[in-house]
Amino acid sequence: MDLYGLVGFNILVGIGTIALITVGLGVIYGMMKIINLAHGEFMMLGAYATYVANTHGINIWIAMLIIAPIFVGLVGLVVERCLIRFLYGRMIDTMLATWGLSLGLIGLMTSIFGNDPRGVPTPVGSFSIGHYAASLYGFVIVVVAILALAGFYAMLSLTRYGLIVRATMQNPNMAAALGVAPPTIYMATFALGAALAGLAGGVLAPISGVSPVMGAAFIAKAFITVLGGGAAIVTGTSLASGLFGFIDTFVSFKSTPVIGEVALLLAAVVMIRILPQGITGRFLRRSL
Amino acid sequence: MLNVTDLRSGYGRIPILAGINLSVKDGEFVGILGHNGMGKSTLLRTLMGYLPMTGGDIAFDGKSLKGLSPTARARMGIGYVPQGREIFSSLSVYENLRMGCLLAKQAEKPTIDSILADFPRLERLLERPGGALSGGEQQLLALARCLCGGPKFILLDEPTEGIQPSIIEEMIDTLQKIGREKGLTILLVEQNLNFITSLSERVLILQKGLIIREVPPHVAKDRAMMEEFVGMV
Ligand SMILES: Nc1ncnc2c1ncn2[C@@H]1O[C@H](COP(=O)(O)OP(=O)(O)OP(=O)(O)O)[C@@H](O)[C@H]1O
Ligand SMILES: [Mg+2]
C-alpha cells in the first residue's frame with residue numbers, strides 16, 4: 001500500500017515536472033508558431049539566475065520564483081527585439097536562429113561559470129509515505145506547475161490583454177485594423193514564454209543541478225509534449241503532460257528510467273501518428 | 001477627408017492599381033463599382049496599409065499615410081470591414097465586439113450596448129462563437145465591431161457578398177441612420193447596384209486598376225438608370 005502511495009506521488013511529480021518544462025515552450029509555439037530551440041537554454045539561464053542570486057544571499061524562494069522568471073523574461077525580450085522579430089512567418093529560419101542562440105548561450109555560460117555543475121539547495125525536507133521517504137519538494141513542483149498553467153489560463157480568459165492576445169494570434173491583420181499593434185503583442189508573448197522557461201529552470205535547479213548543458217535534458221520532452229498537446233496551450237499541455245508524465249514515471253518505476261524515456265518516446269510517436277494535430281487538435285478544440 | 005493621388009500598388013511585382021485619383025469629403029458616402037478582379041479590394045487594402053503603395057500618395061485629414069502601419073491608420077480613425085468579414089471565429093460575438101472597442105472613446109459596456117441597439121439581431125447571439133454565425137450575421141457583426149471603435153472614416157469591402165436581400169436592406173437602413181447620427185464618412189466598394197445606389201452620394205467606376213469615370217449624380221440616385229449606365233460601360 002505504501003509503495004502505491006509512493007508511486008502515485010512520483011507520478012504526480014513526473015506530470016508536474018513535464019508540465020512545468022513545457023508551458024513556456026507551449027506559449028511561444030502555440031501562440032506564435034515559433035519553435036524555440038533555445039527553450040532548454042532559457043531554462044538553464046533561469047537555473048543560473050537562481051544559483052547566482054542564492055549565492056549572493058537572496059532567499060531561495062525569491063531567487064527561483066521571482067528573479068529567475070524576470071531575468072529570463074528580460075532576456076526573451078531582448079532576443080525577440082534583436083533576432084526573432086525579423087523572422088516571423090519563417091519557421092525554418094527561426095529554428096536555425098534559436099538553435100544558434102542555444103549554442104551561443106551554452107558557450108557564454110561555459111566561459112563565465114565553467115563546465116562543472118553547481119548545486120542549488122533544496123529548500124524543504126522530506127516526508128514519509130509509510131515506510132518510504134519522499135521529498136516535499138515534489139509538492140512544490142506540482143503546485144508551481146498548477147499555478148503557472150492556471151495563471152496563464154486566467155490571463156487568457158479573464159483579462160483584456162488575454163482577449164487581445166487570442167484575437168491577434170488568430171488574425172493579426174484584423175486585430176491591427178482594430179488598433180492592436182501585433183508586433184508589441186508578439187514581443188510580450190515571447191517574453192512571457194521565456195519567463196515561464198526561466199521559472200521552470202529555477203524551480204527544477206535544486207533537482208537537476210545547474211550546468212551550461214542542462215537544457216538538453218529538457219528540450220526533447222518539452223517539444224514532444226507541446227506537439228502531443230496540440231493547439232490549445234493550457235488544456236493541451238495539461239493533458240499531454242498527464243499522459244506522458246504517467247507513462248514515463250510508471251515505466252521508470254517498473255524497469256529503469258532509460259526504458260521510461262523510451263516508453264515516453266514510443267507513446268509520443270504513436271500518438272502523433274493517430275492524432276497528428278495533437279490531443280486538442282481532435283478533442284476539446286474550443287478550449288484554450 | 002481623404003485625398004488619393006496617382007495611387008499605385010500591387011502584389012509583389014504584379015501591378016494592380018495603375019494610378020488612382022479620388023477624394024472623399026467629410027460626411028460623404030462614396031461608392032466604387034467594379035467587376036470581379038478589377039482591384040476593389042486591392043484599393044482598400046492599400047488605403048488601410050496592408051499593401052505598400054508603390055507610387056502616388058494618400059492624404060487623410062491632410063496628413064500623408066505613407067509608411068504608416070494599419071495599426072497607426074486605425075488609430076487615426078479609419079475603420080475597415082474587409083471582404084470575407086474576418087470575424088475572430090473562436091472568440092464569442094461579445095468578445096469580437098470587445099475587440100472593436102479597443103479604440104472606443106467611451107467605456108466598453110456602454111459602447112457595446114449602444115451599438116447593439118442598432119444591431120438587434122446580434123443581441124441573442126452574444127455568447128456564440130463568431131465562427132458559428134451565418135454569413136449575414138457575421139457581416140452585421142463585422143460592421144458592428146468596426147463601429148464600436150468610433151471611426152470617422154470607414155472602408156467597406158463588398159458587404160453584400162452572399163447576403164440575403166432582407167439583411168442587405170437592414171444594413172442600408174442601419175448605415176444611413178448611424179451615418180447621419182455620427183457624421184460618418186464612408187468609402188464603399190461594391191458590385192450590388194441596389195446597395196450602392198441606396199447609400200452613395202457619388203459613384204465611381206473602377207476598371208483594371210483605374211477609376212475610369214464618375215457616374216453622373218442624377219444617374220447614381222436611380223437604380224434603373226444606373227443599370228442602363230453600367231450596361232453601357
Ligand atoms: N494576394 C494576391 N496575390 C497576387 N494577386 C492578387 C492577390 N489578390 C488579388 N490579386 C489579383 O489582383 C487583382 C485584383 O484583385 P482584387 O481582390 O482587388 O479584386 P476585386 O475587385 O476586389 O474583386 P472581387 O469582386 O472578386 O472581390 C486580381 O486580378 C487578382 O487576381
Ligand atoms: Mg474584392
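Glycine is no exception: its Cβ is also placed from the backbone N, Cα and C atoms.
TrEMBL does not curate its annotations; it predicts them automatically.
The structure displayed is predicted, hence computed values, not measured ones.
Positions annotated as transmembrane segment by TrEMBL: A:6-27 (among others).
Residues or ranges marked as transmembrane segment in TrEMBL: A:58-79 (among others). Under 8 Å from some Cβ of the transmembrane segment (A:58-79) lie the Cβ atoms of residues 38, 42, 45-47, 49-50, 101, 120-121, 123, 144, 187, 190-199, 201-203, 205, all in the same chain and six or more residues away from its ends.
Here TrEMBL flags A:91-114 (among others) as transmembrane segment. Tertiary neighbourhood of the transmembrane segment (A:91-114): same-chain residues 33-41, 44-45, 48, 79, 83-84, 212-213, 215, selected by CB-CB distance under 8 Å and a gap of 6+ residues from either end.
Annotated transmembrane segment per TrEMBL: A:134-156 (among others), in sequence order.
Sequence annotations record features per position, and here TrEMBL assigns transmembrane segment to A:176-197 (among others).
Below 8 angstroms of C-beta separation, residues 17-18, 20-22, 24-25, 35, 37-44, 46-48, 50-51, 64-65, 68, 102, 106, 109-110, 113, 115-123, 137, 140-141, 144, 244, 264-265, 268 of the same chain, each at least six residues beyond the ends of the transmembrane segment (A:203-224), sit close to that stretch. Annotation source TrEMBL lists transmembrane segment at A:203-224 (among others).
Long-range contacts of the transmembrane segment (A:231-252) within the same chain, counting only residues at least 6 positions beyond its ends with a Cβ under 8 Å from a Cβ of the stretch, are 7, 10-11, 13-19, 22-23, 26-27, 30-31, 145, 149, 152-153, 156, 221, 224-225, 259-261, 263-264, 267-268, 271, 277-281, 284-285, 287-288. As annotated by TrEMBL, transmembrane segment applies to A:231-252 (among others).
Residues annotated as transmembrane segment in TrEMBL: A:258-276 (among others). Same-chain neighbours of the transmembrane segment (A:258-276): 221, 224, 227-228, 230, 243-244, 247-252, 282, counting only residues six or more beyond its ends whose CB sits under 8 Å from a CB of the stretch.
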With Cβ-Cβ distances below 8 Å as the criterion, list the same-chain residues six or more beyond the ends of the transmembrane segment (A:134-156) that contact it, or say none. 6, 9-10, 12-13, 15-17, 19-20, 23, 27, 65, 122-128, 162, 165-166, 196, 199, 203-204, 206-207, 233-234, 237-238, 241, 288
